[in-house]
């Protein structure tokens, strides 16, 4: 049976993944009231300031000082929180790693004893994973990094449940257990969430109580504090998020840029300065307190000595740009795949949580997955060092093919002295083309004794050659020139002393080995500490390159992968195995019920891929010996030419390509450009790497743009069904006006309302039903409006109620005069009932009103007071100056109004200023734009999401409550007249629908026939809808309207 063209087109568009995972959770999510409503209290405050300019001026000056103090207080508090996280994770991680190292010492074979070590490592890591999962079970919103939830909150979503004090405690302890316990996670992501919580708590728990006790001016400011979230609470959360990531990376500029690029949806120039101050104080506090408690400063990059010579010439060549761009493309593609794996796992676990509900079955599965991930991480940490070979910790092994950009602590072991020499005496690769540079002087180095197969010693070499003829360097006389005043007898073999030389004991001339101290970031693992080398007649140390990637802190892993000037320290087999295993473990760890971030794991994966690419070309092209990368003293030139006659300039630098991969993967996965650029430059302080970062980041972002991929955190917002409103509207929204959205909502209400012949004009409504209140509404009318449900709703979820003028003998009324929120109405009823008077003074965002709003039991049909039939005083709590648009307003302009002003509701009015609908941020989601005409369905980029959230879609494949979707085309308005009801019902019964609607109707019929209790299951799902924050379930407060997202 052949499929219709419409079905085939629907199959082709399944790669689009825009829209929420669960519309039931999406529609229940409420928005924040970011601006104070112009109610009676706001009018009184404005009148008071107008009458006394001096009072208003003093209050504004006090507000400025308070915000400045808030910057410092938030920064210091976040810095202290960062120290707690670092101290706990470092202590726990160091203890775990030292335990593993002691257990691995001497375990060179795969035997039963090593099997016991593996089981112990698996059990230990799994135990920490279980403890971290317990924190998430107790506080579900502490799971994951928390960055998607923070970004959505700063965008205007009501996620106060994720920014509470208990979330902070669970987040801190869970992060310490997961990061210190050895999971493939980092603390940098959770620090964004922790910083936002700390900022909110400082503003709410410290600043607000203090203002209550500082006089009348401060009390007025305290009232403004609760009524202006965008000015105080949101600003504190933004500054805390930026300060958290600044303290994590020790980079205040990067934290500020993160606020500008990603966190702050409502950005201003003042916010830039406030964020920078908070980030600076957070970094200073973190560094000072870390020094006091004995914590070493962590960084992802170790600065190298001055890079000279061939590496500079290679960086100036077009081959550098080519290889860096290739690494950027590869890491961009890998980042897209990584995002899809994480999103797929997150979607699976979120759907599983909705199906099972919060109960023993769900907890058992999540604990089982945490144990599995923890066991795999523990086994990976000890099995990879056992599977990879050990390497000699020698200078020759580390610096074979060195570029000359070497860490200071390693350079001190490589050279024994330095002096300035004329540049003209050095090889050509160390000379610049400018005559000024050739006439100058350049620093040259004296090699450490034993670095090369022979040595330059004009005092002892002639004696050694006379005693031992085999100590002579053969053929060196062919490379001696008049430019350098040396002779052939000035070069000889290496020996300890003349007595040993007489006995025939001199060092190996073919494969010299000089011991080297690698440092604490290069552990021995299962390798022997020292072995006797018969050729060198000395003890030689060893290290495990795999242990340098699994038994060190996460930041040290990035350091080791980014090390420059020593391409031989990490073999390509070790890097490849680590990249594959860590990729899988990071994706699984991030979706488990554990707090933890992915910023540092992303850096590890990208750096491993970039270094693997560099090592591949390094092996193909061949690496130069240590003689080529460093400007040695001119006297060594004949010796180096004699020992390495076919040396060529360095063909590749794996360290630079690892750096390019780190930047590209982080940028491609997170869709971050400026943050990555500023972060890496601030951490490295090396302008030499600017072109590397730029080329790699732009290459990765180009790939993700061409593949139409989104950032990981924005994809996770869809998994968590958060209504994030982008800064710019979708291009298709420019084809519609607000009235089109209302027509679509009206159609949806008609499709969800059961047909009844008694309801005349049931299908004649052109605009959706609007629940409004009269300005003179009584308590009974308010209770009725609060309990009223729109067609298709199973509960009352309307949050914005237009207030209209009551009718009069000369005027039918109905003109818009204000807007009142559900919280304000509940506060009005509660306050009126407690005082027995219609005069109220309500703060909409106060805790008492919030508790009343979250409780459906606060409503009752019994009278609240003896004045139940008199006007309740709606004028005192309503916003008398709401934002209003006409139905002919373009959707793009409505989107701009929400995105720029941070609105919660916008009332749509007709030409008579009567409300015909209420827009929310959910009304402007890109995938909710009306259907295209059926002839242009191939251009509909959100076809699958509209089909999945259709009012008649299969209950088994989508949430029971669905968005507002039309089947009749984007601008088609149903006929109205005496036969409209009959025609509508006849079309449904006879199947006279469009091909797309018919195919979807058939799918629905099949699902309904297979499931006899669809409506009952839908009712249960509607009552059990929950908000998911990275795999965790947390019930949310009342959301927006049911089927119509416009109110």
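Using N, Cα and C of the backbone, Cβ positions are placed for all residues, glycine too.
It should be emphasised that the depicted structure is a prediction, and the values quoted were computed from it without experimental measurement.
Per TrEMBL, compositional bias 'Polar residues' is recorded for 951-967.
Sequence annotations record features per position, and here TrEMBL assigns compositional bias 'Low complexity' to 1007-1016.
According to TrEMBL, the domain 'CBS' annotation covers 878-934.
According to TrEMBL, the region 'Disordered' annotation covers 947-1047.
Same-chain neighbours of the transmembrane segment (69-88): 168, 172-173, 175-176, 180, 187, 190-191, 194-195, 198-199, 202-203, 206-207, 232, 235-236, 239-240, 243-244, 247-248, 274, 277-286, 289-290, 293, 295, 298, counting only residues six or more beyond its ends whose CB sits under 8 Å from a CB of the stretch. Feature annotation from TrEMBL assigns transmembrane segment to 69-88 (among others).
Residues or ranges marked as transmembrane segment in TrEMBL: 114-139 (among others).
The transmembrane segment annotation in TrEMBL covers 232-251 (among others).
TrEMBL lists 271-293 (among others) with the feature transmembrane segment.
Per TrEMBL, the feature transmembrane segment maps to 321-346 (among others).
Residues or ranges marked as transmembrane segment in TrEMBL: 367-387 (among others). Within its own chain, the transmembrane segment (367-387) has Cβ neighbours under 8 Å at 100, 103-104, 107, 110, 114, 117-118, 121-130, 132-133, 181-184, 525-526, 544, 546-547, 549-551, 574, 577-578, 581-582, 585, 588-589, 592-594, counting only residues six or more beyond its boundaries.
Residues or ranges marked as transmembrane segment in TrEMBL: 656-681 (among others). Among residues of the same chain six or more beyond the transmembrane segment (656-681), those with a C-beta under 8 A of the stretch's C-beta atoms are 249, 251, 253-254, 257-258, 260-262, 301, 315, 320, 323-324, 327-328, 330-332, 334-336, 338-339, 558, 561-562, 564, 598-599, 602-603, 605-611, 613-614, 687, 689-690, 692-701, 703-704, 709-714.
For 688-707 (among others), the entry in TrEMBL reads transmembrane segment.
Outside the transmembrane segment (114-139), and at least 6 residues removed from its termini, the chain residues within Cβ reach (under 8 Å) are 92, 96, 99-100, 103-104, 107, 166-167, 169-171, 173-174, 177-178, 180-183, 363, 366-367, 370-371, 373-379, 381-383, 386, 592-596, 1031-1032. Residues 32, 34, 67, 70-71, 74-75, 77-79, 81-82, 150, 153-154, 163, 187-188, 191-200, 202-204, 207, 224-225, 258-259, 263-264, 266, 271, 274-275, 278-283, 285-287, 297-300, 599, 678-679, 682-683 of the same chain sit 6 or more residues outside the transmembrane segment (232-251) yet have a Cβ under 8 Å from a Cβ within it. Under DSSP, residues within the domain 'CBS' (878-934) fall into helix, strand and coil as 19 helix, 14 strand, 24 coil. Regional average pLDDT for the domain 'CBS' (878-934) in the model is 86.
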